[in-house]
Amino acid sequence: MYGRDPWGGALEMNATDSATDDDRSRNLQDFDKAALSRNLDETQQSWLLGPTEQKKKKYVDLGCVIVSRKVFKWIVGSIIAAALIAGFVTLIVKTVPRHRHHNPPPDNYTLALRKALMFFNAQRSGKLPKHNNVSWRGSSGLQDGKSDDSTMFKNLVGGYYDAGDAIKFNFPQSFALTMLSWSVIEYSAKYEAAGELTHVKDIIKWGTDYLLKTFNSSADTIDRIVAQVGKGDTSGGPDPNDHYCWVRPEDIDYPRPVTECHSCSDLGAEMAAALASASIVFKDNKIYSQKLVHGARTLFKFAREQRGRYSSGNEASIFYNSTSYWDEFVWGASWLYYATGNSSYLQLATTPGIAKHAGAFWGGPDYGVLSWDNKLAGSQVLLSRLRLFLSPGYPYEEILSTFHNQTSIIMCSFLPFFTSFNRTKGGLIQLNHGRPQPLQYVVNAAFLATLYSDYLAAADTPGWYCGPNFYSTDVIRQFAQTQIDYILGKNPRKMSYVVGFGNHYPKRVHHRGASVPKSKVKYNCKGGWKWRDSSKANPNTLVGAMVAGPDKNDGFHDVRTNYNYTEPTLAGNAGLVAALVALSGDRSVGIDKNTIFSAVPPMFPTPPPPPAAWRP
């Protein structure tokens, strides 16, 4: 085969040429090297030299992958550069002054709430936990139950002292726990925002753990419960007891008797309300919640079967006399319905005969006043909630409608436009008609008023009628605010009636533990009287205690021996805590609509699915 030689002449291409690559390589070396020194054009160079030799690439072995060394250096360099830039920017951000955006400071209600809860820490009986946070308190009452041979209940350690003494009264203590549980169920988000949800639940559990010891909580049927631990003899006798002796609870060395009762419907139903409401608070702890529900059922059964007033003919009538047990029947049954969803409890709570005995259909001077003795107003608000949000209809509608209307009337009576209750010149409502110790009733009313306004708001109802006049929910909420503001210092004396809140508050609180110094000196019964009668301020500050309050003329005497002015109570502080958390924080948060109904089954059966489409 012949081809054209681009340099001129013929180029012979012999297919049978057997010259090997090695031969060609040797032949190239025989060329005239001088001829190669001539300047060749691009084409000639390409024919002579062939392809240019490429530089060998270098790689980096990273174990899981092999990358080019050039790429590796570029990546590492980029990372180092980015780190340097980020560090430089961070340095600038930290050193350059700027305006910080802080959360708004807590309102007065939140600040007071944190202090009011501390009062319960100071009232604890039993073996105190390390986190109790009251430096001048220690463990006490460790022999409660054991020191009385007449009782079958040998372990009654725990619970709370009622007021300035060292007696444990189960009746007002149970009411206090019910109020605290109610406030947690409705306003858990506000407690959490204040950082107090764990604290208040711990307070409630300390009380319910004790209540479970005061009866046979594992049984289905019982015939007795403990009404009180300690003795409050006011006759002035020489025998040491919890009223005659003015000593710190930690120094008590005298026997403390246990009072049992066998016919005490009011106490049994109130304790049932406390355990049932707490079971909703602790619904996430299934075992404990079920234990509380079982105890509540047992107590309520006892209350219904063994009728009688717990304070009839005994010492309790001097301190916490119960006037009736019908209101506790409505109260306890309502809470048991919410805790169990068992409609038999709702049927009982809405029985017209029981409501009539409880005073639901007649007025009277104390109608609408919620207290440790009368729970009717609280029951009516609690059942109005059921009507507003679930509307169960027949056969409950008639009595629920009555309760709802009565609740509206109670709210009207709180307003200054009406004359159901007088007010002091400073604006404090006289729910107990000028009698001593008014604040415990005021805080309960403030809680109910705020709660009802939040119920209406959650039900998209702007207000309610008082006769022909319509009032917005803001009016009833404003009533609650003015009353709590009075207690916190907006009053003629410019005094806060909550110890430790503000700059001017009672310094001589009627309280044994707060008035006797914590020292190695142990005083006997009479030896402590010098601290009771002293005009000096208490050596220990009882933080958060709401005292009994001023008189009907806005007057107040900061005197330790006058308990009508200066003694705090569990029931009073529980109402204060409930009112404070309801008013605290962001109003838009409102109530928790659903938690209280967590055990309540659907009111109406689920409708069946629609039939399948008809086909010919």
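A Cβ is built for glycine as well, from the same backbone N, Cα and C atoms used for every other residue.
Curation plays no part in TrEMBL annotations; they are all automatic predictions.
As annotated by TrEMBL, active site applies to His510 (among others). For His510 (active site), the same-chain residues lying six or more positions away in sequence with a CB closer than 8 A to its CB are Ala163, Gly164, Val547, Arg560, Thr561, Asn562, Tyr563, Thr566, Glu567, Pro568.
Sequence-distant neighbours of Asp558 (active site): residues of the same chain at least 6 apart with a C-beta under 8 Å from its C-beta are Pro506, Lys507, Arg508, Tyr565, Thr566. Taken from TrEMBL, the feature active site applies to Asp558 (among others).
Annotation source TrEMBL lists active site at Glu567 (among others). Other C-beta atoms found within 10 angstroms of the C-beta of Glu567 (active site) number 21, with every protein chain shown included.
The average pLDDT for the domain 'Glycoside hydrolase family 9' (109-580) in the predicted structure is 96. Summarising the annotation, TrEMBL assigns domain 'Glycoside hydrolase family 9' to 109-580.
Summarising the annotation, TrEMBL assigns transmembrane segment to 71-93.
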